[in-house]
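These features come from Swiss-Prot:
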| type | residues | note |
| --- | --- | --- |
| ACT_SITE | 283 | active site |
| CARBOHYD | 65 | N-linked glycosylation site |
| CARBOHYD | 214 | N-linked glycosylation site |
| CARBOHYD | 255 | N-linked glycosylation site |
| CARBOHYD | 318 | N-linked glycosylation site |
| CARBOHYD | 325 | N-linked glycosylation site |
| CARBOHYD | 357 | N-linked glycosylation site |
| CARBOHYD | 493 | N-linked glycosylation site |
| CARBOHYD | 526 | N-linked glycosylation site |
| CARBOHYD | 545 | N-linked glycosylation site |
| CARBOHYD | 567 | N-linked glycosylation site |
| CARBOHYD | 664 | N-linked glycosylation site |
| CARBOHYD | 715 | N-linked glycosylation site |
| REGION | 720-754 | region 'Disordered' |
| SIGNAL | 1-19 | signal peptide |
């Protein structure tokens, strides 16, 4: 056993040095050191002070315990060590962004992409709060969600559905509201994946090797700082302003440095510029060095071990050694511990925390304390605590409000008096193996209600479209017949020909890269419908002149083969609606809910219409595959506008059972202070308590070592022997980046100075109003959208900058009011390393989508 610990040379000079070696012709990520220390500014003050008080009482091994997962053998997918002397239990971290993974008696909420389709701030908050309640009641301290990485660079990116939208403003608003909801329920939210987790191919070396790709390093996302700030970083700035407690760094490289040891990404952008006060954790097995990651700003390694269940760690005892020998300064490990505890106190977790009442690894009531080794005490591991409350009604509401009515030729809403209703397509029915019959939902059976991977939850039940529609039809004493075999086209033809309305269900899934479904290695291999979907629709439409298509998908699909068919009278996108799938759908089909979803992405005519494909072939030998963001900020609707392409359905599009008229646009300039770059210096890095000597941290004789469990203690007072590192003793100058250990006061970045960046960025410069009138016969909900032209020759034609959701009665007028901040009107200047408002003339547009903008006005110049 001791040999295994000695082999954990995780914080070695060699590992840090090798992380700095890059080929000369590849993009590089500039270094930024030291790692900024938290200061408890703003709403973090009380939590920070409490964290400082408790960390000041900790010994080094106790601080290290807070930074290191104990491996994959405990109840949660991630658990830190504990500090029992001070009454601090291990911190439980659990997936995922749409509900609790690996448990029971929990809810399966609609996916993030569905929340984006609601364009509803309040609903995003309520959903977040409901999820937070469930996590808290299961004894979970940290929810591993929500996600805004991936943002959605590619329409076929595997995990886009976990996030919200490829538009940074829409994503940022809903990201922030979800975080607020989770944390107001007393659980730490995790903003992930930071940053550029835009595709599944090549995100992990073992995973890629398993698919036959010969690589030794993960994908490098090569991107300039303008694109980072104006697109991918934008939602994370909103998350920081929302007070998010944790941020998860991603598997990918940014400009050829691993995200979890990328000082530009973590130290500069996140902590120095955005003023993040919480802690940075690694994605699972995304830690590739110890000293390198610690000095670059990563505060917690998860799940703690290097490879699952190997008992070795880049932190743990190696972090203890590195602090004892001065490789990692005391102030840095103190800051790591303070950040963890500050997040814990900020959400009030100390008042709510209870031990986990479930096991991630078995549904049995009884089991071993340490599941992976069948070791430790044997007893109750699952208490089967029902945490669902009344969340089913909320899930149904989100599902209904997220349905986007793409096309309607008058066939909807249904009356309930249809005599013969055909339900066609496998996507209408049940998975023959059960709703949870495939691990992490990794299959293509039955109706699609979530994607696959770690971002899933177990269904407590799943109401299928077939079940819900049949109930509706029978209420009206009609006939209903279902064919749920997509390949039985002869049966489809016959059933459709005998129906007064044919409801055709099709889908397309995607998910995390560790699962491949029908050759889709996480990412989709194309944008077509699955399982003969196009032919299914055409067969039905050829035999029924009232064919309604319902699409359950992770994002855009190609509809070019059927959207103009004269017998396809309506098309609805229902996304990934969660457990109430069928019920939320019938609410819209039968008019109980007037459809009010708006598409959070663009529907192109071909895959090529979206621009470059995601990378599926290694292009750098066996080194890190390289993907260059040559498109800059031009993704989704920005790309379509730039290339003068007309999409089938544009970003923001969504029909209603009523109509709306826009008028009376007004622009009011507000009094706001002039922009001034932040200046001054931070205080010196504080230290809390003392470190002691090596003999204080030798593995205690009183502790029985558990195989695979990660401890903070060392094996010997001889630090070189304890490290097992053949390169132990290198001089700092040989491998420690310049300034990385400097705890003296540091200059404040011009773009920094507050949560989310320079506080002046968030000053309101203009108030925009418009009148929206319901000109139809029924009450409806409209989403007015504000777009801005920033005016520059190399800028997008328009960018979304505001929206609202208004319930409007027939004949009623409502006023849409929003503001434009300095950030909304700024561009990132890479020379000044700051935001600037250019001198180009700027315009505002208001309408119902990115292509339907009837109102426009020029903005007065602003400094």
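Just so you know, glycine gets a Cβ as well, placed from its N, Cα and C.
Keep in mind that this is a model prediction, so the values were computed, not measured.
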Neighbour count (Cβ, 10 Å) for residue 493 (N-linked glycosylation site):
16
Measure from the CA atom of residue 664 (N-linked glycosylation site) to the CA atom of residue 493 (N-linked glycosylation site) and give the result in Å, rounded to a whole number.
51
Around the Cβ of residue 526 (N-linked glycosylation site), how many other Cβ atoms lie within 10 Å? Please give the count over every shown protein chain.
14
Other C-beta atoms that fall within 10 angstroms of the C-beta of residue 318 (N-linked glycosylation site):
31
Return the member of 255, 357, 664 nearest to residue 214 (N-linked glycosylation site) in space, with distance defined Cα to Cα and candidates limited to these glycosylation sites.
255
Residues in the region 'Disordered' (720-754) grouped by DSSP into helix, strand and remaining coil:
7 helix, 1 strand, 27 coil
According to DSSP, does residue 664 (N-linked glycosylation site) sit in a helix, a strand, or coil?
strand
Pop the Cα-Cα gap between residue 255 (N-linked glycosylation site) and residue 715 (N-linked glycosylation site) into the table, whole Å please.
38
If you skip the near sequence neighbours and keep only those at least six away, which residues in the chain come within under 8 angstroms of residue 65 (N-linked glycosylation site), Cβ to Cβ?
80, 81, 82, 83, 712
Round to the nearest Å and give the CA-to-CA distance linking residue 545 (N-linked glycosylation site) with the residue listed as 'active site'.
51
Near residue 357 (N-linked glycosylation site), which residues of its chain come within a Cβ-Cβ distance under 8 Å, counting only those 6 or more away in sequence?
138, 139, 382, 383, 385
Around residue 214 (N-linked glycosylation site), how many other C-beta atoms are within 10 angstroms of its C-beta?
9
Residue 664 (N-linked glycosylation site) versus residue 283 (active site) - Cα distance in angstrom:
49
